[in-house]
Amino acid sequence: MVVIPLTLVLIDKPNPKPLAAAMNDEGFPGERLFNQGYSYTYNDVIFHPGYIDFPTDGINLSTKLSRNIPLSIPCVASPMDTVTETSMAVGMAALGGIGIVHYNNTVSQQASIIHNAKSHRIPFNADLLFASSNDTIHSIDEFANSPCIFVTESGNNDSKILGFVTKSNWEKWSNKEARISDYMNNSPITLPSSDNFEDVAGFIASKNLDFVPLVNEKDGQMVNLVTAADLERIKSLPKLGLPSLGKDGKFLVGAAVGTRESDKKRLEHLVKEGINALVIDSSQGNSLYQIDMIKYVKNTYPHLDVIGGNVVTMYQAENLIKQGVDGLRVGMGSGSICTTQEVCAVGRGQATAVYKVSSIAEQHGVPVIADGGISNSGHIVKALSLGASTVMMGSFLAGSNEAPGTYVYQNGVRMKKYRGMGSLEAMTKGSDARYLGDTAKLKIAQGVVGSVADKGSVLKFVPYTMQAVKQGFQDLGASSVQSAHHLLRSGELRLEVRTGAAQVEGGVHGLVGYEKKYF
């Protein structure tokens, strides 16, 4: 037998890369992705999943609106005349966010809105009806959706309450031409407007009342009405988190003003009403006019947090940061009703804008508000993870019960009007100053007028939205807004650009029909 010796031949193979190195081959860190000369929107980018080692209940969405104003949730209602007045400001503060009251109105109207919102401690604002004792109620339609009409000395809410008339009072009274004083109920039971929800609910239950008016202790004005039905409705909604309260125990409320000399006088009235934050409202904030206004506010009202903007570049942001702003509002032309990029060819994709501005703002401890382009919870996750501390929403909140305006039906769908502050319709009320066009003879629109479908109450859909945001943060491996910022800056958070086909695939597709419900 012949024995054939065997020779073992070893073939060198490349060693596999360490796991960390392999991870670096996937996607891009933000610094690399956003420095390639492209302007990306939220839909253009997608995050890679991280490592989950915590439950969604362990995620903390608390954040800062500005240097000195903390919020429980990162939600800000935009200063638009179809978005934020008393009801929206009250609802957002009750949820832990904040509303910024618009200034497309008279000084007294804006001050009154803030006064009413600051007088509340209940998470909704009822529509109140007033009449004088000499008035006559001719039709039950005058009650609208209110259970009663309140009688005051002046016939408005700025004087002492004398009594009230319910629908049943009026229906039982045979002489419909009689003065209200002939059949009204005198001296209604009232509660202080500073009472919280639990106090009011307990009082109504103990006294077996149908409703109770809430009165401001300071001036005696009636500011709200709570019915037993309202209490049951609120109890059926998701549990509210920590409300946004100032040092005085009142709801946090912000306000917007322009950059004109007359806005300084307007601001004086707003400060007297106790605003907590001021937004200097300009479509392009890097201007001499805004810089002068920032200097004036910081010198005159040093206690007041000032939010500058709008900006989309690091250069713009740095100019305003040098003037001492406490927050920055980011976005130009990204809103659903804004046409600035189309009309003026100036702006930036919102994802790129938020990343770039927050990169410089973070170095100075200035929180960033991502303003515009928010259509769903995923956009909120992206805005926060790209460096924003809060998101400002217009269309997302428009159409809700708390948004100004009345509902109308279009093709069987319940709708509310929603318009851009750059629309010609809004400009006729004074918003053209925001676009530095109030002195121009020819008005050029930078926005449109549209409608938004009924969304119900912000007290319902915002908590569900925040839960969806938490689930997004969990997938990222971020347990808080601050954690998401750390992952972004460290390069651990990886991103990719999505092709058009990838964007289609990432949404609902390939179905003959479907019904989309988020909660």
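Cβ coordinates come from backbone N, Cα and C, glycine included.
A TrEMBL annotation is a machine prediction, not a hand-curated record.
According to TrEMBL:
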type     : residues                                       : note
ACT_SITE : Cys338                                         : active site, thioimidate intermediate
ACT_SITE : Arg434                                         : active site, proton acceptor
BINDING  : Asp281, Ser282, Ser283, Gly331, Met332, Gly333 : NAD(+) binding site
BINDING  : Gly333, Gly335, Cys338                         : K(+) binding site
DOMAIN   : 184-244                                        : domain 'CBS'
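The helix, strand and coil residue counts that DSSP assigns across the domain 'CBS' (184-244) are 19 helix, 15 strand, 27 coil. When pLDDT is averaged over the domain 'CBS' (184-244), the result is 85. A distance of 11 Å separates the Cα atom of Gly331 (NAD(+) binding site) from that of Cys338 (active site, thioimidate intermediate).
With all protein chains in the displayed structure included, the most crowded Cβ environment within 10 Å among the binding-site residues Gly331, Gly333, Gly335 is that of Gly331. Using a 10 Å radius centred on the Cβ of the residue listed as 'active site, thioimidate intermediate' and all shown protein chains, the other Cβ atoms total 24. With respect to their backbone Cα atoms, Ser282 (NAD(+) binding site) and Gly335 (K(+) binding site) stand 14 Å from each other.
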